[in-house]
Amino acid sequence: MRRANRDYGKYLRGSEEMGSCPGVPHEGPLHPAPSAPAPAPPPAASRFMFLALLGLGLGQVVCSIALFLYFRAQMDPNRISEDSTRCFYRILRLRENTGLQDSTLESEDTEALPDSCRRMKQAFQGAVQRELQHIVGPQRFSGVPAMMEGSWLDVARRGKPEAQPFAHLTINAADIPSGSHKVSLSSWYHDRGWAKISNMTLSNGKLRVNQDGFYYLYANICFRHHETSGSVPADYLQLMVYVVKTSIKIPSSHNLMKGGSTKNWSGNSEFHFYSINVGGFFKLRAGEEISVQVSNPSLLDPDQDATYFGAFKVQDID
């Protein structure tokens, strides 16, 4: 019995030694397999992160300058003048006010600034660049020179959609031609009263298109005469309006719309009035110009709700 127990104990010890032998294969790997590298963030996420940091940097610079001006005014209100404050706001709104102007025209606007405003603009631009370089790092900042080589506020404007082209122009009552012959009206208001223009150009009485597209053009012309103004030029008047398109690339003009009538204003009536309204959709190219011609300009009604014309873009050209 004892001998059997001793033999069984030797058998167990032998099994343990065999299990710890280096030659015996192990179940499972000795070392865990290396994990796969983390996927790189998608380009859209990187671009969003960069734009977020960009906006944060611009906001920090603007807030810093605003705080500086505030505390400077609190310490000595006489040291900061109204001109300095106006200059600061003028710099911030420089690009917004220029609209579609290119870099050459923007440089001319910058040269028109006073020396103090130009120095403030240069300091502000340098502060923006240093702040962006500090946030995104020198290597990544050097990789986006196209953003900084153009306008100094183009970075803030890249995400801003371009303004929809439109114009509403009212006649300049102080510069209406006289006579009864057909003339081109060359003096319009674009920023007075109801007149407004955006993303289009008014030059020498002609409305220039800056974007290709389909536009709705309209014109309203009113003729009037009172007996206190004297006699009319003729018993029968041809009261007409023409909306004309002029191409600059290929010098030519075409009538897009016309309207009017022949009126007899020779009666005993104290007051005569006639209104013409025309409108329509047209495909226009950048650089083309729209103008208005009328007959008997001396009879025009100069009120802003009587004689006007305009245009607005409806859709792009496919």
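Cβ from N, Cα, C; glycine included.
Note that this is a predicted model, so its numbers are computed, not measured.
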Correct range for region 'Disordered' (source Swiss-Prot, candidates 13-41, 100-128)
13-41
Per-residue Cβ crowding (10 Å cut-off), top of glycosylation sites Asn199, Asn264:
Asn199
Averaged pLDDT, computed only over the residues in the topological domain 'Cytoplasmic' (1-47)
54
